[in-house]
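Colleague: Submitted below is the structure of interest, expressed as structure tokens.
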Amino acid sequence: LPEARGAPLLLLYLLALRALVHVSHRQLLSPPGRGGARDFSAHRARGYLDDITAIGPRTVGSPENEVHTVNYLIEQIKAIEVESTDAHKIFIDIQRPTGSFSIDFLGGFTSYYANVTNVVVKLEPRNGAKHAVLSNCHFDSVPNTPGASDDAVSCSVMLEILSILSKSSEPLQHAVIFLFNGAEENILQASHGFITQHEWAKSIRAFINLEAAGVGGKELVFQTGPENPWLVQAYVSAAEHPFASVVAQEIFQSGIIPADTDFRIYRDFGNVPGIDLAFIENGYIYHTKYDTSDRILTDSIQRAGDNILAVLKYLATSDKLTKTFEYRHGNVVFFDILGLFVLAYPARVGTIMNYIIAAIAFLYLSKKILQPKTRVINNLKKFSTAFGLTLLSWISTLVTVLIVAVFISLIGRSLSWYSHFYVSVFLYGTAATAKLILVHTLAKKFYYKNMNDQYLGDMFFDASLMVWAIALAMLTQTGLCSAFICTLWVAFPLLTKLMIHKEFRQKGTTVRFVMMYMLGMFVPYLYVMYLSWTVFEMFTPIMGRSGSEIPPDVVLAGLIVAITVILSSYFINFVYLIKSTKTTLITLTTVFFVTLMLVCSGIFFPYSSDSANPKPKRVFLQHTSRRFHDLDGNLVKSDSGIWINGFDYNGISHITPHVPEINDTIRTQCDEWAPFCGFPWILPVHFMFRLVKNWYLPAPAILPMSPVQFKVLSKELMPLNSMRLSFEVSGPSHMSLYIRPHEGSTLSSWSLGDGRPVASVGGDYFVFYSHGLHAAPWRFWIELTASEKHADETVSLAIAAHYFFGEDKKSPQLHALMQRLPNWVFSSGWSCTYDLFVF
């Protein structure tokens, strides 16, 4: 086949698949379902959304969160109650729990909350109900953001669903509990207070959690269970616009995405199974000031409302809810097909099917190698060489592209593709494709120069089949449900090969053969492109908020190589079937080098302030006053400044030209002897950021109107050479406690969590504290065990107070600095204090 016909055919094929995937991802709504007209009104839900976001940022402890939003929700719920039918009863409860727990998220820390707010509504049949299904959203937002997608839109959807269900003349079989929780952004505190303390929690048999990792688009089912396959089946049966993937579930639960949801709390502390959904589109503006209601399409609200209403109805009328223990065991393989429907089957069925398909592939390949018997050893040598060369081409491609990514990172051009994704394809995609083709072209020219082209094409097809068959067996053995992807890449290619095996051997590759080949590969190629679109939509924005430790270009380059290798698996054999790859290699290499030069020149600026599609850089600024005390309580060091953290690998290198006083002379220095380097981290994310990539700009000391009050209540000698220190702390709604036992000392117990101290990355202990309104002073104790020779200085303890709202939030100096930042920056600023003591 001439290269001039083969390469364009392949390109058109891939472009056609991409167009199908694009249409699928942008098609938010399918026609109205079984009932014809839609029950859910997106326009009414949008009204709720606009009202909630108009209140402003809803930080835990602020009047906006604890008073204004709560009053609004109660007002709307009472209005819904008035219009409800006699078939139902509605109960409203305002819960303000206090509690504590430890969690292994972000390296591990302990959380303490006091008087956070939950608005809880129970809708049940007139005659009552013993069992319930929970629907959860949160109305609080991260500081300085309107939080439309995360998570006001979900609360708006829930209000509309409550209205629809309450007006129905048909009673539900089970109760539906709607939890509007007011402290999720404080790392899941309010949901913990509800599931561990509220009297209605005991009746809950399943839940649906509504979340966001982006702004609008489709809501993805990315977690289910644990186990309880009947929940997946409920979604499959009821959802009108399905979008679900067990791949997303296994990626999220692996911990490589720095996020968590209330799903974890209900699973771990309530032992309740559920479904976790999240909006994932446009994560560039997630947790920024751009997360406004006008950016969420009405169709996006409609599809979420249709799906959640249908699934809640299904669960609230299901007999399985009364005896969930009977359907508890077993996992499910599930994935949607272009958003049209969901395929779901038990994992044990998938395991059997995977092993059978892998066995068939191994038998087919064995038969080819073993016939004729006189050439078994020769066939085995040739096949082993092709197999090894295939793996070598993949590994060398990965190494080559990663070298390019490291080079780009070292010269300070990371994230050049952040606002222009096509740049990553032209840079890393062309390099990966060219390297793959080059390796096989050289092998064909120098190693296989006297061998039949058709034989080589056939052999390298079989080599790829062997790789995928082995991968299928190995992933199935590990228990990963995502092994179904390998199933597609073994079953369909094998079937295609069996259907057109004669054409494989015919001299001269024809266009007819290529078309039949592409048709046979249509399903696996379409699905992998559909899945890769979702993966890139999730991961690309995350690279802008993943900290300064991980080079994002290396991560994205690795992903692009993985997708390139997968997509080329059964096309690389065409290198041996076409007459020449010269034009293709020249074209790919030219595109690569031109893109590389443009990236090195800095023409592709990473960030964008485009009002229609902003892709901002995230920067946190904390005007900090620090005080360090010795064992006798004497002040040994104090300073103040604005601590500046960039949330991506570039640090603040792009900002420095706009603020000249931020230079290398004021880079942050770690106080090694102080917990967490002596800086007021709001969360234990220190391992994600290098101090050399942030700055501490000297500024006048801040004098909060409500300063933190820290008291030692008592020191008690305990048995076994232990000491108990009791403290009382009062201060703003958000505080961080840092504890570092000295050499020879051990933090053995405390009054927090379950009593067992949980250390963070690095060995220090971190406690995240928050409170709602009218909270009493925080009292706690810690117990330490020390050897006699280290009994003088046992522990360093520091308390940081964070002022996220009110008069103490921003100093004039902080406000002035934030005003000087360029418009492509989203800056979140607040004031804080850090006080360290030694005991």
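Including glycine, each Cβ sits where the backbone N, Cα and C put it.
According to TrEMBL, the protein has these features:
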SIGNAL    1-26  signal peptide
DOMAIN    118-311  domain 'Peptidase M28'
TRANSMEM  337-365  transmembrane segment
DOMAIN    380-600  domain 'Endoplasmic reticulum metallopeptidase 1/1-A TM'
TRANSMEM  386-411  transmembrane segment
TRANSMEM  417-438  transmembrane segment
TRANSMEM  459-476  transmembrane segment
TRANSMEM  482-500  transmembrane segment
TRANSMEM  512-536  transmembrane segment
TRANSMEM  556-578  transmembrane segment
TRANSMEM  585-607  transmembrane segment
DOMAIN    614-837  domain 'Endoplasmic reticulum metallopeptidase 1-like C-terminal'
Colleague: Count the CB pairs under 8 A between the transmembrane segment (585-607) and each of 337-365, 417-438, 512-536, then give me the winner.
Modeller: 417-438
Colleague: Give the one range among 337-365, 386-411, 459-476, 482-500, 556-578 whose Cβ atoms make the most pairs under 8 Å with those of the transmembrane segment (512-536).
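Modeller: Comparing 337-365, 386-411, 459-476, 482-500, 556-578 against the transmembrane segment (512-536), the winner is 482-500.
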Colleague: So if I exclude everything within five residues of the ends of the transmembrane segment (417-438), which remaining residues of that chain have a CB under 8 angstroms from its CBs? That is, six or more out.
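Modeller: Tertiary neighbours of the transmembrane segment (417-438) are 393-394, 396-397, 400-401, 404-405, 408, 536, 540, 543-544, 552, 556-557, 560-561, 564-565, 568, 572, 575, 581, 584-585, 588-589, 591-592, 595-596, 599, 604-608, 615.
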Colleague: Could you tell me whether the transmembrane segment (482-500) and the transmembrane segment (337-365) are in contact, taking contact to mean 3+ Cβ pairs under 8 Å with a sequence separation of 6 or more?
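Modeller: Between the transmembrane segment (337-365) and the transmembrane segment (482-500), contact is present.
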Colleague: What stretch in 459-476, 482-500, 556-578 has the biggest tally of Cβ pairs under 8 Å against the transmembrane segment (386-411)?
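Modeller: Counting Cβ pairs under 8 Å, the winner is 556-578.
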Colleague: For the transmembrane segment (556-578), could you work out the same-chain residues 6 or more beyond its ends whose Cβ comes under 8 Å from its Cβ atoms?
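Modeller: For the transmembrane segment (556-578), the sequence-distant neighbours (Cβ-Cβ under 8 Å, at least 6 residues beyond its ends) are 1-3, 6-7, 10, 14, 390, 393-394, 397-398, 401-402, 404-405, 417, 424-425, 428-429, 432-433, 436-437, 440-441, 444, 448, 453-454, 456-458, 460-461, 464, 467-468, 489, 493, 509, 521, 525, 528-529, 532, 535-536, 539-540, 543.
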